[in-house]
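Remarks on the structure that follows.
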């Protein structure tokens, strides 16, 4: 490797913004650039993005970050891509023009298609072979919808004139001027079209959904040189890493070993546990998905999502007006020794794993005349930790692995009260890294390893530093008593919106 190749760039294409982050050889951030883009809601429950706007924002932040840092393309060793998963783009092979907006992972328009597939008895097949639940969340039914609803699309697809990709595939196609049509196993495993056991596109699912194989990208390892771009002006830069956002965060947290887990605390919480080289089937409603091993090879993970994490704090701020800033919660929660018996179950949109109850609704129980603002704020923070424990307990049950420590990232990890309570509630150390940009770091690591910028995953271990480790301090009796109260509160919230 030439001595002047001093940096790796991660392109982090998210649900609301596109970012570019430059890392040096010590995994320090040298520069960042970010641009938001438009969310389109054409009907209730529908969510779309303009693929050309995604490309424009992602391309411009890359150019911007080089300009801001004064770096030349010759100094960039490689580019890694991490992306919002499941979001679906279909475009014309000849022109590179999308035939419809990108259908976003949050979009519910294909729920009826999923119900039809369930009626045809496909639920068990999907679970067993793709690791997923039959839901509108995943890409497969979104592709079918586009082929069924865009005029002439199905005919063009059958003639080999259309291409499909998740956002990673779309970006690589654009960056290589249409030369490379590729994805990685982590993104492929979120399409409902990929067999996670055989590690290839699943012909039965393609047949059931009427999707020709010719539309699909080639699946290549998450750490490999896929092609080159001249977007930075000047020399060709290798595009050498791809991973879906949550798997990228797992890799960025160096969760390479079986049983290692991370929790990303954002609007919701995403928990992933590496289960090693064999897929583990969940009996608790968790997803089985592809993760990445230390050499970029396929590993597997269990994944569970908590719908309301940071969103619960936003509710305290925006609707109840109990706080002015999310950062205030640490202060108010620490002013009282406990919640005075108050539990908040933030089932505002139902409950996710392991309950899967769309009819659950937000509930506050245990209120007495002595309950005050501090107790309610504390109960809201505690609810994030309780829900995370629900998922982690399910993971430990499914995998038979006792968690040694939980690595954490995302905005809410700055809240010391929440991190300590999380550790207490799970009776497990919680490890907060110094650098919390772990999603982008994962993509940078994958790209850097592919081109020899970093020699091995062992070298990456030296780049990982811990800001603080939270050690459990709560007694066994106290923890059990509090968690039992939470379970009772959850029961009160369940099936609330069901029609009598």
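Note: Cβ is positioned from N, Cα and C throughout, glycine not excepted.
Now, the feature entries from Swiss-Prot:
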type	residues	note
BINDING	15, 19, 267, 310, 411, 415	ADP binding site
BINDING	15, 16, 17, 267, 310, 314, 411	ATP binding site
BINDING	15, 85, 86, 137, 245	sn-glycerol 3-phosphate binding site
BINDING	85, 86, 137, 245, 246	glycerol binding site
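Geometry remark: residue 17 (ATP binding site) versus residue 246 (glycerol binding site), CA distance 16 Å.
In terms of Cα distance, the binding-site residues that sit within 10 Å of residue 246 (glycerol binding site) are 85, chosen from 15, 19, 85, 86, 411, 415.
Here the Cα atom of residue 16 (ATP binding site) is found 24 Å from that of residue 415 (ADP binding site). Of the recorded residues, residue 415 (ADP binding site) and residue 314 (ATP binding site) place their C-alpha atoms 14 Å from one another. Under the DSSP three-state reduction, residue 85 (sn-glycerol 3-phosphate binding site) is assigned to coil, being neither helix nor strand. Separation of the C-alpha atoms of residue 267 (ADP binding site) and residue 245 (sn-glycerol 3-phosphate binding site): 14 Å, rounded to the nearest whole number.
Within 8 Å of the Cβ centroid of the glycerol site, not counting the listed residues 85, 86, 137, 245, 246, the chain contributes 84, 105, 190, 244. Listed binding-site residues near residue 15 (ADP binding site): 85 (candidates 85, 86, 137, 314; Cα-Cα distance within 10 Å). With the fewest other C-beta atoms within 10 Å around its C-beta, 17 stands out among the binding-site residues 17, 415. Between the binding-site residues 246, 267, 314, 246 has the most other Cβ atoms inside 10 Å of its own Cβ, all protein chains included.
If you draw a 10 Å sphere around the CB of residue 15 (ADP binding site), it holds 19 other CB atoms from the protein chains shown.
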